[in-house]
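Student: If you scroll down you'll find the structure; I have some questions about it.
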Ligand SMILES: *[C@@H]1O[C@H](CO)[C@@H](O)[C@H](O)[C@H]1NC(C)=O
Ligand SMILES: *[C@@H]1O[C@H](CO)[C@@H](O)[C@H](O)[C@H]1NC(C)=O
């Protein structure tokens, strides 16, 4: 415990030092607070999802009977999605809280995943990200969060434009998947994707290959969501939208990481990355081409 706390404290100090007094203020235009039911519907186990605060927030529940899930009513082609999530506190090992986008097309699936893998009390949550493009996935990365994601709400977002996909935690990029079509690497750009979230049991794989099992005597487990924000081109919708360079998420400031964001991203990769498919020689004896392009 003492050991992991000091690692945590050191990384906070390190982080504060790194960002100094520079604040990143990207203009967020058209931000609109959405109530849950405005943009989403329950897809799995109604009885395990409860609306809070007049629909501005929700509670997801996992017990031995069921997990639960929700999805956006529309699909979107490019844009940015964000929500605030407070994860299961205490002994959450074996639970997975997911937030992802998915084209829902079996053969040529596009998918962008955030998966929050629970852990034993006092051990860090891992955030696994993955990118499927044109049906090919197997691009897992894992980072350990530098704060306790169950103590408070934090913002998780996916920015998706013609240039890259950026997964961020509180405005800190933790994953960038660039458009490397010039190198023959597929990039999701043809299919609209819906936004999904689920809370479920995955102790057969999530805990270091299934080493740790869910402790059901701690159930029910709760995760909380609020501040849903979707900005993107709805599909079906105006067909010119997705290719319009006038969308703010396609703007010059969003086509690559600026210097502050790039520094934060390097900080995450240096200090918090615990797994990267790019460097897993057993799985990928030949480095995948998208991994060779720097960050
Ligand atoms: C849980 O904590 C252990 C020990 O700190 C760590 O090795 C592991 O990556 C963490 N995450 C999961 C999902 O087990
Ligand atoms: C499961 O939780 C119970 C109740 O808190 C505790 O007594 C038990 O030791 C836990 N089991 C494991 C494997 O952590």
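Including glycine, each Cβ sits where the backbone N, Cα and C put it.
What TrEMBL records for 111 is active site, nucleophile. Positions annotated as active site, proton donor by TrEMBL: 115. Feature annotation from TrEMBL assigns domain 'GH16' to 6-225. For 119, the entry in TrEMBL reads N-linked glycosylation site. Residues annotated as signal peptide in TrEMBL: 1-31.
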Student: Measuring Cα to Cα, how far is residue 111 (active site, nucleophile) from the residue listed as 'N-linked glycosylation site' in Å?
Tutor: 25
Student: Please name the residue among the recorded positions 111, 119 whose C-beta has the most neighbouring C-beta atoms within 10 angstroms.
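Tutor: Counting Cβ neighbours within 10 Å, the top one is 119.
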Student: Scan 111, 115, 119 for recorded positions whose C-beta lands under 6 Å from an atom of ligand 1 and note them, or write none.
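Tutor: Checked recorded positions vs ligand 1; flagged 119.
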Student: May I ask you to report the DSSP-based helix, strand or coil state of the residue listed as 'active site, proton donor'?
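Tutor: In the DSSP reduction, the residue listed as 'active site, proton donor' maps to strand.
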Student: Restricting to the domain 'GH16' (6-225), report the mean pLDDT as a whole number.
Tutor: 88
Student: Taking only same-chain residues 6+ apart in sequence, whose CB is under 8 Å from that of residue 115 (active site, proton donor), what do you get?
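Tutor: Residue 115 (active site, proton donor) has long-range Cβ partners 96, 97, 98, 100, 127, 128, 129, 130, 206.
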